[in-house]
Amino acid sequence: MKNKKKGGSAPKGPKAAKKSKTYSLNEDSFFSTESKKRRKIDRDEIESDSDDDYGVVGSDGEGGGEEAEEAEAIEETADEKRKRIAQEYLEKVRGLARREKEEEEDESDEEGEKEGERDSLVAKILQQQQLEDSGRVRRAIASRVQKPESTDEFRISVKHRQSVTAVALSEDDFKGFSASKDGTILHWDVDSGKSERYLWPRDEVLKSHGVKDPQGRATKHSKHVLALAVSSDGRYLASGGLDRHIHLWDTRTQEHIQAFPGHRGPVSCLTFRQGASELFSGSYDRTVKIWNVEDRAYIDTLFGHQGEVLSIDCLRKERVLSVGHDRSMQLFKVPEASRLVFRAPASSLECCCFISNDDFLSGSDDGSVELWSMLRKKPVCIVKNAHPFLAARKNVEQKDGDRIPNGHIENGDHTSQSYDCSSTYSWISSVTVCRGSDLAASGAGNGSVRLWAIESESKAMKPLHDLPLVGFVNSLAFAKSGGFLVAGVGKEPRLGRWGHISSARNGIAIHPLKLSSDDTDNF
């Protein structure tokens, strides 16, 4: 009987179960190298397999598929996501290299040699792009810009009823986008000037897309647009204005798809991070907000400005450059959750843009253009009276063939009474830089757009040419190749009505830039 009890049934009860179980270091979670998240996923997978074996009630094929998809979505770590994005970008660059090679050679050689040449071209493109993005190399375009001839001038290609407030170009420079104070948003072709209008949906549709009821004394939503931005892939167009919302549009169908509420003041500026779906918005509520247009989601809010945010810019890095009415320019480093503050000497900054990751450009309301470096809190170069305004120029009307003299007039009245540099007409309302190059431009209401050469070694700015254009130049955009310059011009300033030029025309003006041939411009 004793032997029978010893070899009988297994011990019962929890204490007996504990005694029967043996532990090893490999099974102990303390010594496991896997993360809790990974272990949780593995356990879920084991449990789902056991459920399938025993035919649990309610577990069908569709439910198992959904659980597998959720597990796959959770399984992708940050490193795996970065790898996937890098592979997608590499395939995109290979496609560009393949098209370039096909254009150069109509007849293909051996397949191996063709593949080798394509890979070398891909490596060259990636290396050059990395150097340009890091700011270590700039394309020498400024020295190649030829002096405009008498026939070269700004031509109004797209007309607006009211002053143009924002201009944006697609990544391939074939399409352009513009907005005005009356709420009109146009999508136009750069070569032909043919335009299509974005139609605002009904209030019911806007509310279904996320629009909140008007706040304050407003009884209806204002269509007044102050800012535009287009994504790098060309799929999305973002607009912002007095209604305190960011509106997202589909560029393929010109339809409204989403509205982002959250700002407590007018949205004054927008920019997309290059090569990503992150959207940054600046507002009169003194904040900069981050959004994800793919997920249609709010991400974060950046604080720091003590006045209205007027202009922002962003390159490929998660860094946002902004200027406000607090006489400061701030560089937000999003991953580090830190910021750098740059103080203007004695003026209010109106606009800004990146030259490279370490150098910036800004314009002030006293007519100065400033060059900044991330290593210094003050400007490394200040060009005062960058857009001088002649009192006699106030009533000048732009006619076909008429040329407006630039700031360095050799003949004429040079007395101090003839210049009105503190007026709103000499305010720097817009600055822009041809991406990855040393060519910049600034605009005001003095009757011309000025081109600049940025010297990286001496940290100086050299004026190149003045391009006559009557009106307030509220927005500027260079073609990526430097082949033309687009200006959004109007009779009134972008953010107010404290100035008026009756002889100006509201619209989009395009000026071609002739570049001398140089095979070494990319190095």
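Cβ atoms here come from the backbone N, Cα and C positions, even for glycine.
These features come from TrEMBL:
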COMPBIAS  22-33  compositional bias 'Polar residues'
COMPBIAS  44-54  compositional bias 'Acidic residues'
COMPBIAS  63-78  compositional bias 'Acidic residues'
COMPBIAS  79-101  compositional bias 'Basic and acidic residues'
COMPBIAS  102-114  compositional bias 'Acidic residues'
REGION    1-120  region 'Disordered'
REPEAT    157-198  repeat 'WD'
REPEAT    218-259  repeat 'WD'
REPEAT    260-301  repeat 'WD'
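DSSP places the residues of the repeat 'WD' (157-198) in helix, strand and coil in these numbers: 0 helix, 24 strand, 18 coil. Outside the repeat 'WD' (218-259) by six or more residues, the chain places 165-172, 175, 177-185, 187, 196-201, 203, 205-206, 209-212, 265-272, 274-277, 279, 281, 283, 291, 293, 296, 494-495 with a CB less than 8 A from a CB of the stretch. Listed by sequence, the residues of this chain that lie at least six past the ends of the repeat 'WD' (260-301) yet keep a Cβ under 8 A from its Cβ atoms are 89, 210-212, 215, 226-232, 236, 238-248, 307-316, 318, 320, 322, 324, 332, 334, 495. Residue counts for the compositional bias 'Basic and acidic residues' (79-101) under DSSP, split into helix (H, G, I), strand (E, B) and coil, are 23 helix, 0 strand, 0 coil.
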